[in-house]
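Enquirer: Below: one structure in structure tokens.
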Amino acid sequence: MVRVVHVVSAMNRGGIETFIMNVYRHINRGEIQFDFLLSVHERCDYSDEIESLGGRIYNICSCGESLIKRWIALNSFFKKHKEYRVVHQHASSLVDIMPLIAAKNMGVPVRIMHSHNTKVDGIWFRKYIHFFNRLFINKYATDLYACSESAAIWMYGILNRDKYKIIYNGIDLNTFRFNQNVATIMRKKFEIDDGDLIIGHVGRFHPMKNHFFLLKVFEKILSVIPSAHLVLVGDGPLRPDIEKSIRELGLDNSVILTGVRDDVNRIMSMFDVLCLPSLYEGLGIVLIEAQAMGISCVVSSVVPQEAKVLDSFKFVSLSSSELVWADTIIRASQQLREQNTIQKVRNAKFDIKEVSILLMNKYLTS
């Protein structure tokens, strides 16, 4: 039995966490088990499922709490847990590479850094640390992974182009197979008429997701199609401000906030268009899920090109006006749903079964 410890900040329903869980559900758990080293102390959305699958969860302090305590805790952890041959760190930047340094110090032979984004949040000092740590990442990581070419360049730089590997964010294609009956049921559940336009967004209520711009775009759409609805799936620190903006724009009767859900695939089935005006994005796993269901996607031009699978996938510049975005979304909603979308997504290498086999082979041969 090979036990792999995944280092990630938390295991809530975000893009990184969803990808890890998709892999976890599809590996042969008789040969490989996943454990999780988290930087939070509370239970997470996926905690129960992880434990039901046989995984262990360990909690240590974050960099924000104490750098010294985190460093001591990491070294203590890897010194105590000699059973780990593989540590797989998932991150949006190289601000914190201490887990890999500690793992190397304690003799862990395989140390994977996995990039999932194209920008670092916060003050200039965090960006400085990120670029500084680029100089040392090859010393502490044995393998460099990324979810897209853009995420790889951001994390590792052009000089490491021959050293990193792209691991696409695979999805369970059966889970995201479009079902008209489910779409009808979900519309009734949310009291939306069959003919009404539904624009959807799935993501954490975080500045990078650009919700406030989306609300203004939707306001323009509503002036043309009064029966339109905007469905926002997710939660996060900006929720109170987003709710306030909805009220101020007079969108109360047209915007639905579902909160965090475990039936996202069923909710998405009623979308006509998925809109993701993100300020930056590693890939956007929800975009792959949407395309598997044949949903038209309208996204900001910062989204990596690899995310586009279907012809109905449209890029729009963030510098374009709200009217341009609104017009693009309305046009996208009028397109016929594409056929054979599951096979197209599979051909684009986003099948979680294939991704899981690739990672299993890495873990088992390490």
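Each residue, glycine too, has its Cβ placed from N, Cα and C.
Curation plays no part in TrEMBL annotations; they are all automatic predictions.
Summarising the annotation, TrEMBL assigns domain 'Glycosyl transferase family 1' to 185-320.
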Enquirer: DSSP-wise, what's the residue breakdown of the domain 'Glycosyl transferase family 1' (185-320) into helix, strand and coil?
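Expert: Per-class counts: 48 helix, 29 strand, 59 coil.
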Enquirer: Would you mind giving the whole-number mean pLDDT across the domain 'Glycosyl transferase family 1' (185-320)?
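Expert: Mean pLDDT for the domain 'Glycosyl transferase family 1' (185-320): 97.
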